[in-house]
Amino acid sequence: MRWFSGISEGINTLKLKGGVFVVYIEGEDAKSQQLTALIESDAVAELNSDTFIAIKIKAESRSHEQFIELFQQTPVPSIYFIEKGGKPLKIVTEAPDATSLSTDIAEVLRLAGISASTSTSAATADLISNEQTASARNVVCENGVCTIKRDPPSDDPTSEGDRLAAEEKIERAKKLLEAKRLEKEKKEQEEERQRELERRRTGQEAQKMKKWQEDQELKQLKEEREKEKREEKEARDRVRAQIEQDKAERVAKFKPPAASTPTLSEASQPVAGPSTSRANSNTARLQFKLPDGSSKTQDFPSSDKLLSVLNFVKANFNLASKKFTLSTTFPRRQFSESDQSQTLAELQLTPNAVILVLPLSGGVVSTNQGVGGVSGFVWSLLTPLLGILNFIKAFLGFGTVGHVSGDQPGSSGGSSSNRSNSVVQVSSKYDLENRLKSAGSKLVVIDFFATWCGPCKMIAPELERMARDFPNVVFLKVDVDQNGDVSRSYGVSAMPTFVFLKNRREVSRLQGADSYSLRSTIQRYR
């Protein structure tokens, strides 16, 4: 390949002789080396003709920078075929073989309007000269006769060996490609098998986790049932103990005086045992007997003063008369203002006692006693019996423990709006959501109960009464056996459980049938 030394020299030659200006931009990569070898080879003889004026420019050189100013995009490597007017006829960026490059050169000649025969005249002349020279070497003249000496046919096994080697390479390449294809298929099959195993393993683990969760739920439910049974048994035992205590109090109250005289052996026994038990008790369980015959039991610390009990009665029992007094049934004792500063332990009201709430009329206890105190005697006789009867009915689910809120039967206190409110049982999670939305900013009390739960039956009448007392509070109840998804979403594990919501946000939670704590919490957040 004949190269001109610079762009200026090539342009001057182009102006004088005409033809096609060839600019080859050479890089340092393997692609550039391949294209350079192809251009320099004898297979592309067209570039050696006078038609082409070729220069070589190194990439990133000063000449390359000048060339970039004329042509903005100059890929490396590339061959620019430029006509005399300066317009690129064709840009060749890659040529896999000499045939492809010769085709591109022929297209350039066609675009430039130059005949291919003209461009190849010099090459043809060289070829004829070479043939003549070769023929001259093979002519032998002897004895006045000249003969052409023909070279014997070559039996060189090199070309045959090269052909066989090429076929072997092709066959080996085919085998390698087939082996790679088989290896790829095998790898894909192995990956698919691993994915299937992973999917099965994941499914088995999910089933194990689900079974474990079900076992845990069954275990938790079993523990809750056992706990409820224990609580029911304890509640029954307390009822029996209360009945026995009331029975003993009635027997002792109406027992003839002669029978109450202790014998000599009884008198010799120590009598400090009960008082010591009362003094050592830290809790005083007081049962309040109201004038209408109902009752309410509440625990107080033994260190609390009687004034605290009096304030509790005022806050939780809406009595018909604002003036009342407290007294005990046995021994018969009416507490005065001087007793209000004494503790429950000092008043011997521990561990348990029965407190009568008696209304005052004009500063005097109103018992409506006639001549001889017959009505007072009858009332004192019937009050414990009515209280025990109401307590048993409430425990069995046929009645109420008592009017804790102080509402008397037939009393005119409270408007009709107070009695329109009631406890509504939720049928589903969707129903609960709708009721919470309609409640707005009101306080919502949700009672999680079960039909087999004894304390739930005891607190149910109290909850209905609170619904009437607090008309601006929404009272709902959820059966945990019918709506397990709702109870689980609120994390309920014991019955009864009361959840207090305001603006759909939990503000408090109570467990157990404690109406005093329930009412206090409602008054706090309503």
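Yeah, the Cβs are placed from backbone N, Cα and C, and that goes for glycine too.
Feature list (source: TrEMBL):
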- 184-252: compositional bias 'Basic and acidic residues' (COMPBIAS)
- 260-281: compositional bias 'Polar residues' (COMPBIAS)
- 279-357: domain 'UBX' (DOMAIN)
- 402-526: domain 'Thioredoxin' (DOMAIN)
- 146-165: region 'Disordered' (REGION)
- 184-281: region 'Disordered' (REGION)
Revision key, fill the gap. Model confidence for the domain 'Thioredoxin' (402-526), as mean pLDDT, reads 83
Exercise for review: Sort the residues of the compositional bias 'Basic and acidic residues' (184-252) into helix, strand and coil with DSSP and give the three counts.
Suggested key: 69 helix, 0 strand, 0 coil
**Study point:** DSSP-assigned states of the domain 'Thioredoxin' (402-526) in counts, ordered helix, strand, coil
**Key:** 49 helix, 29 strand, 47 coil
